[in-house]
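To start, the structure under review is shown below, and the notes come after it.
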Amino acid sequence: MAQTGEPEDVAARHDPLYERMSESADFVELRRRHRRFVLPATIAFLTWYLLFVVMSNWASGFMKTQVVGNLNVALVFGLLQFVTTFLIAYLYSGYSIKRLDPLAGQLNDEYEKERRA
Amino acid sequence: MNDTVLTVILFTIVVGITVAVTVRASRTTSGTGDYFAGGRSFSGVQNGLAIGGDYMSAASFLGISGAIALYGYDGFLYSIGFLVAWLVALLLVAEMLRNSGKFTMADQLAYRMKQRPVRTAAATSTVVVSIFYLLAQMVGAGLLVRLLLDIDADNTLGVSAVIAAVGALMVFYVTVGGMKGTTYVQIVKAVLLMTGSALIVVLVLVKFNFNISDMLGTAQSNSGKPLLDPGLQYGKTFTSKLDFLSLGLALVLGTAGLPHILVRFYTVPTARDARKSVLWAIGIIGVFYLFTLVLGFGAAALLNTGPDSGVATSKGNLASPLLAEEVGGGAGSTGGAILLALISAVAFATILAVVAGLVLTSSTSVAHDIYNSVLRKGTATEREEIRMTRFAAAGIGIVAIALAIPARNLNIAFLVALAFAVAASANLPSLVYNLFWRRFNTRGAVWSIYGGLTSALVLVFFSPVVSGKTGVDAEGNTITAALFPLGVDFHWFPLENPGLVSIPLGFFLGWLGTVTSKEQSAEDRYTELEVRALTGAGSEKASGH
């Protein structure tokens, strides 16, 4: 493996502008808003999906229960995974347009302005 | 023969369209930004369609419907896992990757780490995952043509000729069209696939007066198996249940680690467009996987799926084309022949588009990460980088073809699930750590990539899929259901899908490598990576046309 210290091997020193941006109140807020949505949403959909897989394996008696006609709980549960996927995607879209994009856009503009200066 | 002529005409039309599109796109391609990232100028909708075209492979169209036709509900897991997985890409990866990378998966690791080790590792896993995925597509192409031209399973000459032709086309797309050409091919394919499968779905539902419950009931009674209940394929033993869990995990975590999907996020101007394209992709892919439910259960309801049927002997891979023939009027009828040829042409387009995306992505990584950044230390010109891509495309194609021949007796969706397991074990941990964990560093990245990759490959090699698995043929004889012939058995890993072990291992090694080494520069540069990923400040711009 290559040794540390070879100039072409180490990522170049970064622009101090990024340091200032990362400490700005706007950026701290943007990061908070981003994580506040994506982390809980990820935990939620992964848990919900794994619940579906685990129940298919170890609760097959319940999953075989008929709901309507030949449709059983297992198939309904599977179709609900489609519904929740569409729903989370829709909610994230709305959330990011309202809560993330304006802040990100504003920070990006500031960056462009300072770069030109 | 009339049917053959029709088939040849339709195949020629499909190939002709894609070639024309590729040549057209090549006229506006100049330089690496165009060649590798399509000039970053596709719209969210265009890229959403292209993602659909890139993602819905032979595994989705042929493999899943076949798995549902044979195993019912247990096959449905593929549809669900393949879709839910998109939330990982949407929430954790797409936008941040667009802002922090350039051409390949390795770019965003190299952004804050030691270039050479991380680029070498990421390029290696890119090539391995793509080859796994490619050989599944090759198996699909061989099967389709075998069905259409009525070639015997033993006629290796005929099948090899087809595979060689697909190989030549794929090198053409990549050499001439680059990312622009490939993107247009994928868009055309997505439209063809959605239209073609919608047509079959409607024709199937007409047979049941749009009564889905009736179709499900007929599927059970016609096949004589409890298709609607969980566990038909995986429910027998505790080990097979663990296999189901392992498969489920690989499916949901694999998508966001697939290199040919990740690079699609670079083809749009901004992170907002990357998000929009994933939303479109989720819509298209979601509808398509609902179609697979009708195709699969429809095939079980309308076709013979007994042990000596065409569906069963092809491991389910031919369920969709045979279903098309049935709803068109049955074997021997003109309508049946037309629909069979049409759906096969659509499936062929599906394969071509996915193959083009896979080969472009993996050869780009060889040229950009290994050749330019590692061997030439960044001094290669754009021309040299593109020329290298072409050599790499040919090499990768040859390896995939060579591996496809022994793998031709496996279900395509199953083969692709192995690629997903490798992607989830080798690529996803380092991607997620890199974007969300300041402390993450070179050793962590290298350990998680090589560790995840090696463990997944070793476990597959010693699994029942490679040796030891047996099945029963139509006459009741025991036959091999593994890659190796009957009698060769060196498997010791009980599961067919390695994800349950190799994915946690990839995450664990990423953590272990990181905490056992200190790399101040990687932590410092995280500040820049994070700001750039979240705001887009300083990200790669679209080219001006």
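Each Cβ is built from the backbone N, Cα and C atoms, and glycine gets one as well.
Counting residues 6+ beyond its ends, the transmembrane segment (B:6-26) has Cβ neighbours under 8 Å at 148-149, 169, 172-173, 176-178, 180-185, 188-189, 192, 337-338, 340-342, 344-346, 348-349, 352-353 in the same chain. Annotated transmembrane segment per TrEMBL: B:6-26 (among others), in sequence order.
Summarising the annotation, TrEMBL assigns transmembrane segment to B:47-70 (among others).
Taken from TrEMBL, the feature transmembrane segment applies to B:76-97 (among others).
Here TrEMBL flags B:118-136 (among others) as transmembrane segment.
For the transmembrane segment (B:156-175), the residues of the chain that approach it from at least six positions outside its boundaries are 15, 18-19, 22, 138, 141-142, 145-146, 149, 181-182, 185, 351-352, 355-356, 359-360, 363, 389-390, 393-394, 397-398, 401, 404-405, 408, judged by C-beta separation under 8 angstroms. Residues or ranges marked as transmembrane segment by TrEMBL: B:156-175 (among others).
Long-range neighbours of the transmembrane segment (B:187-206) within the same chain, counting only residues 6 or more positions beyond its ends whose Cβ lies under 8 Å from a Cβ of the stretch, are 14, 17-18, 21, 46, 49-50, 52-53, 56, 61, 212, 215, 284, 287-288, 291, 294-295, 298, 302, 320, 323-324, 327-328, 339, 342-343, 346, 349-350, 352-353. Summarising the annotation, TrEMBL assigns transmembrane segment to B:187-206 (among others).
Long-range neighbours of the transmembrane segment (B:244-266) within the same chain, counting only residues 6 or more positions beyond its ends whose Cβ lies under 8 Å from a Cβ of the stretch, are 36-37, 40, 47, 50-51, 54-55, 74, 77-78, 80-82, 84-86, 88-89, 92-95, 97-98, 101-105, 125-126, 129-130, 133, 179, 233-235, 274, 277, 354, 357-358, 360-362, 364-365, 417, 419-424, 426-428, 431, 495-501, 503, 540. Sequence annotations record features per position, and here TrEMBL assigns transmembrane segment to B:244-266 (among others).
Here the transmembrane segment (B:278-303) has long-range neighbours at 44-45, 47-49, 51-52, 55-56, 60-61, 64-70, 72, 75-76, 79-80, 82-83, 86, 89-90, 94, 190, 193-194, 197-198, 200-201, 204-205, 207-208, 212, 215-216, 218-220, 222-223, 227, 309-311, 319-320, 322-323, 326-327, meaning same-chain residues at least 6 beyond its ends whose C-beta is under 8 angstroms from one of its own. The transmembrane segment annotation in TrEMBL covers B:278-303 (among others).
As annotated by TrEMBL, transmembrane segment applies to B:337-367 (among others). Using a Cβ-Cβ cut-off under 8 Å and counting only residues 6 or more beyond its ends in the same chain, the transmembrane segment (B:337-367) has close neighbours at 2-3, 6-7, 10-11, 13-15, 18, 36, 53-54, 56-58, 61-62, 103-106, 122-123, 126-127, 130-131, 133-134, 137-138, 140-141, 144, 147-148, 166, 169-171, 173-174, 177-179, 181-182, 185-186, 188-190, 192-193, 196-197, 200, 203, 259-260, 263-264, 320-322, 324-325, 327-329, 385-386, 388-393, 396-397.
The transmembrane segment annotation in TrEMBL covers B:388-406 (among others). Same-chain neighbours of the transmembrane segment (B:388-406): 35-36, 127, 130-131, 134-135, 138-139, 142, 156, 160, 163-164, 167, 170-171, 174-175, 359-360, 362-364, 366-367, 371-372, 380, 483, counting only residues six or more beyond its ends whose CB sits under 8 Å from a CB of the stretch.
Marked as transmembrane segment by TrEMBL: B:412-433 (among others).
Sequence-distant contacts of the transmembrane segment (B:445-466), counting only residues of its own chain at least 6 positions beyond either end whose CB sits under 8 Å from a CB of the stretch, comprise 109, 113, 117-118, 121-122, 124-125, 128, 410, 414, 418, 421-422, 424-427, 429-430, 433-434, 482-484, 490-496, 498-499, 501-503, 505-507, 509-510, 512-513. Per TrEMBL, the feature transmembrane segment maps to B:445-466 (among others).
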Selection from B:47-70, B:76-97, B:412-433, the stretch that has most Cβ pairs under 8 A to the transmembrane segment (B:118-136): B:412-433
